[in-house]
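Student: Shown below is the structure under consideration.
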Amino acid sequence: MTSRSATATARTSSEARAVARTQTLIKGEHGIGTVRRTTLPGGLRIVTETLPSVRSATFGIWAHVGSRDETPALNGATHYLEHLLFKGTRKRSALDISSAIDAVGGEMNAFTAKEYTCYYARVLDTDLPLAIDVVCDMLTGSLIQEEDVDVERGAILEEIAMTEDDPGDCVHDLFAHTMFGDNALGRPVLGTVDTVNALTADRIRRFYRKHYDPTHLVVAAAGNVDHNKVVRQVRAAFEKSGALKDPAAQPLAPRAGRRTVRAAGRVELIGRKTEQAHVILGMPGLARTDERRWAMGVLNTALGGGMSSRLFQEVREKRGLAYSVYSYTSGFADCGLFGVYAGCRPSQVHDVLKICRDELDHVAEHGLTDDEIGRAVGQLQGSTVLGLEDTGALMNRIGKSELCWGEQMSVDDMLARIASVTPDDVRAVARDVLGRRPSLSVIGPLKDKQASRLHDAVA
């Protein structure tokens, strides 16, 4: 028999869990740049960044699901679902959804990545309640009807065809496959013609129910927003939908993942009749939680992050071998990529690859000059600040930070971390990352003799 005091204690404990928890994560001056987080009963997190001086606001909902979470048979399901959430809810048609935001001059969109999905709307601050209502309705009330699945299949197949027609885009999918193979990280976010054709409404509904629980979601809003008002409206929308049914549920922790990069030295070529050959030479990089990522950012900027970078100067400015040449990094939960892209005439592929490989090897052995590091630090700091000048970028930053790291970092702290990078830090990460044996992906009209020599670039 349960005692009265025990029952009261249990009720008190349950009520305590049901109370929303609010924290100030970054305290801005005079409220400008203040970031707050509220965790609702049911595990839904809401983060906001307040900028009273602007007239706009961006509202988004991030889902802890990407193409990495798909089985081979479900490849493309995350992106397919992203499309379907715009097709109608219990109270809005697809036209109602789009016209609501169009009517106030706003913009609305979504994107799917390998480890997350985001739906967002950018509007005037006075129209923020509308944006919240529409986006929350999409996430909690979508119908995912058979006829919509059939119609949207055609649009997605055209999107796949459009990507295939752009070798400069397609080569990045090829490089992911070169590095990760048939692992989910190596498969295209859009899926393939075969997998998209095989997906059914029932399978997509099951995928939706599994991955769009409130514990898997992060709500983010930035601009001229009132945190408490955003929380009240979001909570009302999710409670009305019945989504917050378990008050004791806790938010999903940031993804841990598992290392999946394949052995180095792989070469993949897709022969295609194009004017240019598109190449990516790269190797395993750093996970997004790796503390060396700040030094890696400086290294990447100096190597191929701008017109003064080594690769741009050597490949384009001095020799005119390519119009587009750059380096980039991609960080996932447990692994990463570093790549160098170039588009060039097929006859000059080997020259371009040799120059790029020589530069990577030289920097791996000798590092960068102090002047290069200083310039890269300044460039990275400036681009970081300039990249956060609109509310959409701010919403992306706080939403992704909450989902992927479970914490927030102020812009000042980010700039300080970049400034703290030393030449020794850069040399160490260059030896580690650039010292690894590279792999190579190529799309273009290479002849047999040219193709047979591609392995020289990764030897």
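Any Cβ shown, glycine's included, is placed from N, Cα and C.
Keep in mind it's a predicted model, so treat the numbers as computed, not measured.
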Student: Kindly point out which candidate in GLU147, GLU158, GLU159 is recorded by Swiss-Prot as part of the Zn(2+) site with HIS79, HIS83.
Tutor: GLU159
Student: Would you list the other residues of this chain near Zn(2+) - those whose C-beta lies within 8 angstroms of the C-beta centroid of HIS79, HIS83, GLU159 - in sequence order?
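Tutor: Nearby residues not in the site list: GLY76, TYR80, GLU82, THR112, GLU152, ALA155, ILE156, LEU190.
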Student: Of these recorded positions, GLU82, GLU159, which scores lowest on Cβ atoms within 10 Å?
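Tutor: Output over recorded positions GLU82, GLU159: least Cβ neighbours within 10 Å is GLU159.
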Student: DSSP secondary structure for GLU159 (Zn(2+) binding site), reduced to helix/strand/coil, please.
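Tutor: Where GLU159 (Zn(2+) binding site) sits, the three-state DSSP reduction gives helix.
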Student: Given a 10 Å Cβ-Cβ cut-off, pick out the one of the binding-site residues HIS79, HIS83 that has the most other Cβ atoms nearby.
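Tutor: The most densely surrounded of these binding-site residues is HIS79.
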